[in-house]
Amino acid sequence: MSLLDYTAVELAAKIKAGETTATEAMEAVIAQIEKSEDELNCYVTFDKEKALAAAKKADEDIKAGKLTGPLAGVPFAIKDNMCTEGMLTTCSSKILGNFVPTYTADAVERLQNAGAVIIGKTNMDEFAMGSTTETSAFGATKNPRNPEHVPGGSSGGSAAAVAANECFAALGSDTGGSIRQPASYCGVVGLKPTYGTVSRYGLIAYGSSLDQIGPLCKDVTDCATIMEAIAGKDDKDSTSIGRDDYSFTNALVDDVKGMKIGIPRDYFGEGLDPEVKEAVLNAAKVLESKGAIVEEFDLSLVEYAIPTYYTIAAAEASSNLERFDGVKYGYRTKEYEGLHNMYKKTRSEGFGPEVKRRIMLGSFVLSSGYYDAYYLKALRVKALIKKAFDEAFAKYDVILGPVAPTTAPKLGSSLSDPIKMYLGDIYTISVNLAGLPGLSVPCGKDKNGLPIGLQLIGDCFKENNIIRAGYAYEQARGRFE
């Protein structure tokens with residue numbers, strides 16, 4: 001077994017036992033990056049010497065007993081919308097092409113406190129706006145399973161890096177499916193936690209009421225372990241919520257006997273690829289064979305999730321992105337006449353087409369005369385979607401369905417049709433609107449060998465239910481190759 005084949009938890013155990021070192025692990029990752037990065041383009045920022053120096057420092061601290069966390073010495077990648085002190089943080093945008101933060105995001109800091117060693121920053125859709133990692137100012141990331149296909153987005157660089165063994169695990173962010181969908185496309189595990197579980201301090205905002213940081217990794221055990229490292233109340237984030245229990249690894253139990261699992265009929269209608277449908281329903285049968293009680297039910301309002309999401313997210317984005325104007329940091333246009341012209345030219349030159357599209361949409365729905373008709377109506381529908389999930393979770397422990405309607409599309413096919421790209425988020429978006437946790441676990445491949453993801457959705461603060469179901473399924477499935 002190659003060093004790169006280990007999961008993050010397995011590697012940490014090997015380092016602790018003295019069977020390998022953080023430096024050896026980092027050298028293996030660097031060799032893999034040098035081998036495949038030119039084709040895949042997973043990283044925006046990668047400094048070989050700094051990564052090696054950080055690994056050597058970790059080895060010294062482990063030897064001295066200073067670094068004892070559950071992820072001590074494990075090389076991690078970080079999505080490029082999380083601030084890292086002294087390391088370029090671009091959001092894959094020209095407008096932040098030279099931005100080096102003076103502080104580190106809370107989730108990244110907690111990860112480092114658990115012993116993780118940062119390799120670099122991964123590529124993403126610009127400002128997390130996209131589902132393919134093709135809107136990046138630094139070029140598209142390709143899917144390691146088949147480089148002619150997209151890795152998903154917006155955390156495509158993180159998912160692809162895990163799948164390509166260019167890191168042992170990574171952090172991503174999820175606003176409407178941006179962890180779960182690339183996890184599905186690349187054949188890795190991804191978790192979007194309950195809103196407020198992981199601090200957003202240091203995460204460059206897209207949709208503030210929807211954004212949440214979470215892990216992308218090789219298996220559910222890694223997922224639970226990373227969650228224990230990064231979750232926690234943070235006074236620097238007003239939306240951070242204190243919880244009684246952060247023991248996610250307690251849910252790593254191969255036992256779903258009596259667990260009630262609901263399958264929404266609405267998720268298996270028109271537009272779902274037959275191969276995806278078959279793989280997901282087969283996964284449900286596996287859980288049923290292990291003692292889970294599986295039933296179909298109707299989850300209303302699914303068809304309203306996409307317009308609701310793109311109204312609310314665009315409105316919040318148009319407000320959040322006002323801060324990027326060329327005054328204090330980031331890109332500034334070279335030639336301009338007066339302050340207003342400088343703002344206009346800087347933003348026109350600095351933002352890409354998809355970001356501009358969403359800023360314009362957001363400005364429109366917030367404008368006088370349209371605010372009530374669009375934005376307020378979307379907030380009301382959001383509340384109804386949450387109510388529909390509340391009613392479902394009164395009956396079920398877990399809701400099971402697909403992550404995406406298809407496997408990974410070919411490069412370029414989504415950019416030419418933005419509506420098609422938006423429709424690809426139909427099964428993930430409502431989870432963000434309701435603030436729920438969602439887990440993506442690989443459950444098969446299509447006829448072309450592209451991975452298919454199983455989505456497990458839990459009630460608020462019930463990550464342990466979906467972790468338990470995902471772990472039990474994984475034990476039956478075996479290692480996903």
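Heads up, the Cβ atoms here are built off N, Cα and C, so glycines get one too.
Annotation for LYS79 (active site, charge relay system): spatial neighbours LYS121, THR122, MET124, SER155, GLY157, SER158, ALA170, LEU171, GLY172, SER173, criterion Cβ-Cβ under 8 Å with sequence separation of six or more. The active site, charge relay system annotation in Swiss-Prot covers LYS79 (among others) and is backed by sequence analysis.
Taken from Swiss-Prot, the feature region 'Disordered' covers 136-157. For the region 'Disordered' (136-157), DSSP puts the residue distribution at 2 helix, 3 strand, 17 coil.
All protein chains considered, the CB of SER154 (active site, charge relay system) has 34 other CB atoms within 10 Å. Taken from Swiss-Prot, the feature active site, charge relay system applies to SER154 (among others), supported by sequence analysis.
Non-local contacts of SER178 (active site, acyl-ester intermediate) by the CB criterion (under 8 A, 6+ apart in sequence, same chain) comprise ASP125, ALA128, SER131, GLY153, SER154, SER155, GLY172. Residues annotated as active site, acyl-ester intermediate in Swiss-Prot: SER178.
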